[in-house]
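> Taken from TrEMBL, the feature domain '23S rRNA (guanine(745)-N(1))-methyltransferase N-terminal' covers 3-45. Under the heading Zn(2+) binding site, TrEMBL lists CYS4, CYS7, CYS20, HIS24. Annotation comment: TrEMBL describes TYR66, GLU92, GLY93, HIS179 as S-adenosyl-L-methionine binding site. Taken from TrEMBL, the feature domain 'Methyltransferase' applies to 86-168.
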Amino acid sequence: MLACPLCQATLAQLDNGVACPAGHRFDRARQGYLNLLPVQHKNSRDPGDNQAMVEARRDFLDAGHYAPVARRLAQLAAERQPQAWLDIGCGEGYYTAQIAQALPAADGYALDISREAVKRACRRAPEVTWMVASMARVPMADASCSFIASVFSPLDWQEARRLLAPGGGLMRVGPTSGHLMELREVLYDEVRPYADDKHLALVPAGMTHAHGEILEFRLSLVEAKARADLLAMTPHGWRASAEKRAQVIEQPEPFVVTVSMRYDYFVRQD
Ligand SMILES: C[S@@+](CC[C@H](N)C(=O)[O-])C[C@H]1O[C@@H](n2cnc3c(N)ncnc32)[C@H](O)[C@@H]1O
Ligand SMILES: [Zn+2]
């Protein structure tokens, strides 16, 4: 199922890692994840989200603020009963672990390019095969997945299509244009509307949009720490001025924000 990121041959398990017949070897880290990102595929020394972003996201998600988002994703995954599934851009594994729980009989795989993220993620669900790898060159065989999740992440659509077995599908979860509106209204003088369906134009031939739904709820952020974490894990945190950020973090009342997500499911035909 795993394929060499350098030559695409099947990878066999060794005691301390995996290797292909051509002799390309990849280590298993002490924490249990596989390092399948060859140095020549890295654009920087430490690609992906950094430690501060990963920890802010972990604390915010572990506090349960987005629990309904994860619950719905796990339900949608369970309804599809895949044999093998993959979470692409898994971050620190909050959503991944809930998918794994919902699919106890399936083979679970998860990858992220950030070592800081995967290092923490792999503690959440040891039964999942965790990989530091690039979504542009996923180290798995063609048609090896029947369910792929992509949550709040960039996505390489051609790779997703290559990995899907016929009849399998990709569940993309991302923000709608109303997501965190109240936060954006405080941070920016002018809230620019953005299209939340731009990804629909990127769907490659051979994949069709089979299901779409929106989940929306209001979140009351009482603790300053939760607001600071939310800022640190979203692009708004680093785009806004320090003054506006402080205004969000330090305001005396609970900060009420709308969480609004869209789930889109794309099925691979033939
Ligand atoms: C906004 S985070 C979402 C993480 C997680 N899915 C969640 O919702 O909590 C986006 C993730 O994509 C990862 N990422 C960015 N570029 C990537 C690439 N080329 N290959 C794999 N992961 C990538 C980042 O490291 C980061 O963890
Ligand atoms: Zn190889």
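Numbers here mean position along the shown chain, with the first residue as 1.
Note: Cβ is positioned from N, Cα and C throughout, glycine not excepted.
Keep in mind the model is a prediction, meaning the values are calculated, not measured.
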> Same-chain Cβ contacts of the domain '23S rRNA (guanine(745)-N(1))-methyltransferase N-terminal' (3-45) under 8 Å, 6 or more residues past its ends?
111, 113, 115, 118-119, 121-123, 126, 129-134, 136-137, 139-141
> Tell me which residues of the chain lie with their Cβ under 8 angstroms from that of GLY93 (S-adenosyl-L-methionine binding site), as long as they are six or more apart in sequence?
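Residues satisfying the criterion: ASP87, ALA110, ALA117, VAL118, ARG120, ALA121, CYS122, ARG123, ARG124, ALA125, VAL128, TRP130.
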> Taking helix as H, G and I and strand as E and B in DSSP, count the residues of the domain '23S rRNA (guanine(745)-N(1))-methyltransferase N-terminal' (3-45) in helix, strand and coil.
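Counting residues per DSSP class in the domain '23S rRNA (guanine(745)-N(1))-methyltransferase N-terminal' (3-45), I get 3 helix, 14 strand, 26 coil.
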> Where among the binding-site residues CYS4, CYS7 do you find the Cβ with the fewest other Cβ atoms within 10 Å?
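Per-residue Cβ counts within 10 Å for the binding-site residues CYS4, CYS7 bottom out at CYS7.
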> Just give me the nearest neighbour of GLU92 (S-adenosyl-L-methionine binding site) among the binding-site residues CYS4, CYS7, CYS20, HIS24, Cα to Cα.
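It is CYS4, whose Cα lies nearest.
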> Distance check, please: Cα of CYS4 (Zn(2+) binding site) against Cα of TYR66 (S-adenosyl-L-methionine binding site), rounded to an integer number of angstrom.
35
> Filter the candidate list TYR66, GLY93, HIS179 of binding-site residues, keeping only entries whose CB is under 6 Å from an atom of ligand 2.
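Passing the 6 Å Cβ check against ligand 2: none.
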> Could you give the Cα-Cα distance between HIS24 (Zn(2+) binding site) and HIS179 (S-adenosyl-L-methionine binding site), in whole Å?
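With the alpha carbons as reference points, the distance is 44 Å.
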